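Read the structure below first, then the notes.
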């Protein structure tokens, strides 16, 4: 099976057909209703206006007045794999994120982005980075950091999630890939596969637990790549025939726009081909991945790619990064080039709005804390004044009494 995919990869490379193949997938993807995401009360729960969960596959929050969260359940029955693909939490949705993790009985969260990329906030800081716990009063949860294992390109956190109302606690593994550029690909399949198998070894992807929560910024590009590669490798381990294009089309029925660029599609093939060596019984392959990935070196900086490509999620355009299109009919390429600049500006504006909104919320929190302190002072001020006055009288009386009898 891996030989078939390898031949397909070589043909696509030789014929420079990654762009056309990607466009085929994009154009053949179905569009499904996503009305709930567009409700007025849910607008501030979406990081991007054009990335929404379908109504039929969206994850619903339980025991809340509003059950909406921008997250989709991707269920691949033949591989016995279920993933929750979601956007990077916003400041106002971190509480909903942890509620979802609890209700879905998730064992691990896989994070494939940095909180800030290219000076834009891509994700709120929803987990603690020190000994101080984070409390989410809106949904009644707290999160503590138990341990942290930092590698050169990923970090594993062990978190304690507590239901404040019941006192019940659960341990959640947080796998954070720190060097995967937005709209780009990891430096090598070896580093990615080493990370993927690290996640697998935790057991969090098996049907014995609730679905793993996987997110990047929008929950479609990097998250889609991770899910596609893992699913293909599972099917190959089972001896099943794997049609990568068809599998991706099936996964796109659950969440729009999975895999955002031809480069991500090409990288998925590379990772599947390399990962298949392990399924064939090459026991030393994981050791080679670890050596090639150099995970034990000091953490390195994120290498962002300054490229833009126009993406269309099942018929709806969204902003991407600059990348010239090749191998397309001239009319299609001209249309893409004409609209790429305006689409990029739109994505940048949305990122700036999200950043501004986060800063405004932080300012409001500081103002609220200042106001609470002021009210506490106004409450105690007259009491303390009276106590001081009474103390002065008592001291005066004591002094007078002492002088009188001496």
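A Cβ is built for glycine as well, from the same backbone N, Cα and C atoms used for every other residue.
Keep in mind it's a predicted model, so treat the numbers as computed, not measured.
What Swiss-Prot says about this one:
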ACT_SITE  216  active site, phosphocysteine intermediate
BINDING   182, 216, 217, 218, 219, 220, 221, 222, 260  substrate binding site
DOMAIN    5-275  domain 'Tyrosine-protein phosphatase'
MOD_RES   22  phosphotyrosine
MOD_RES   52  phosphoserine
MOD_RES   68  phosphotyrosine
MOD_RES   216  S-nitrosocysteine
MOD_RES   293  phosphoserine
MOD_RES   298  phosphoserine
MOD_RES   304  phosphoserine
MOD_RES   320  phosphoserine
MOD_RES   339  phosphoserine
REGION    341-406  region 'Endoplasmic reticulum location'
REGION    371-406  region 'Mediates interaction with STX17'
Check: same-chain CB within 8 A of substrate site center, minus 182, 216, 217, 218, 219, 220, 221, 222, 260: 112, 113, 183, 223, 224
DSSP state at residue 22 (phosphotyrosine), helix/strand/coil: helix
Residue 22 (phosphotyrosine) versus recorded positions 182, 216, 219, 260 - nearest by Cα: 260
Distance, residue 52 (phosphoserine) to the residue listed as 'active site, phosphocysteine intermediate' (CA atoms, angstrom): 14
Sparsest-packed of the listed recorded positions (52, 217, 260) - C-beta count within 10 angstroms: 52
Residue 68 (phosphotyrosine) and residue 217 (substrate binding site), Cα-Cα, nearest whole angstrom: 18
Secondary structure at residue 217 (substrate binding site), reduced by DSSP to three states: coil
Local Cβ density at residue 221 (substrate binding site) - other Cβ atoms counted within 10 Å: 26
Proximal residue to residue 52 (phosphoserine) among binding-site residues 182, 219, 221, 260 (C-alpha distance): 219
For residue 68 (phosphotyrosine): DSSP state (helix, strand, coil): strand
Summary of DSSP states over the region 'Mediates interaction with STX17' (371-406), given as helix, strand and coil counts: 35 helix, 0 strand, 1 coil
Pairwise Cα distance for residue 260 (substrate binding site)/residue 68 (phosphotyrosine) [Å, integer]: 24
Chain-internal residues near residue 68 (phosphotyrosine), provided their CB is under 8 angstroms and they sit 6+ positions away: 36, 37, 39, 41, 42, 45, 58, 60, 61
